[in-house]
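Novice: Okay, here's the structure, questions in a sec.
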Amino acid sequence: TTQGCNCSIYPGHITGHRMAWDMMMNWSPTTALVVAQLLRIPQAILDMIAGAHWGVLAGIAYFSMVGNWAKVLAVLLLFAGVDAETHVTGGIAAKTTASLTGLFNLGAKQNIQLINTNGSWHINRTALNCNDSLNTGW
């Protein structure tokens, strides 16, 4: 089955196989994010054990001795990333100044042009009758 589309990224007819292939090609950032998070696990466990409070270490030791590994995992997850606070001299003034000057930032900007070509209206040269399932942003 083919589908007619007047998009700038898919001129002419496009098969479902081509659309599926393009969607699979967009998985690579997600896969990279998942792998990066998985690779953090050993270091996170080491940090939790090496830099833990004595009470957390006692809880891990007790629950591991009685064989309750679910509670060991719960203790590790509950106290992951718990660190002491750091007070920076002048930090509040710096944050206030940064938020005040942030009001004058231009922010995100996209030039949008409405173009009439041969009686057909386009936004940035992408046809308005394009099938939205192709995720062109329009």
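Here the Cβ of each residue, glycine as well, is placed from N, Cα and C on the backbone.
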Novice: Check the candidates Asn26, Asn124 against Swiss-Prot and report the one noted as N-linked glycosylation site.
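Specialist: In Swiss-Prot, Asn124 carries the N-linked glycosylation site label; others show none in the record.
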Novice: What mean pLDDT does the predicted model reach across the topological domain 'Lumenal' (1-59)?
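Specialist: Overall, the topological domain 'Lumenal' (1-59) comes to a mean pLDDT of 75.
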Novice: Which of these glycosylation sites has the least crowded Cβ, counting other Cβ atoms within 10 Å: Asn118, Asn124?
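Specialist: Per-residue Cβ counts within 10 Å for the glycosylation sites Asn118, Asn124 bottom out at Asn118.
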Novice: With DSSP helix as H/G/I and strand as E/B, how many residues of the region 'HVR1' (85-111) fall in helix, strand and coil?
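Specialist: Counting residues per DSSP class in the region 'HVR1' (85-111), I get 14 helix, 0 strand, 13 coil.
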Novice: What whole-number Å value do you get for the CA-CA distance of Asn124 (N-linked glycosylation site) and Asn118 (N-linked glycosylation site)?
Specialist: 15
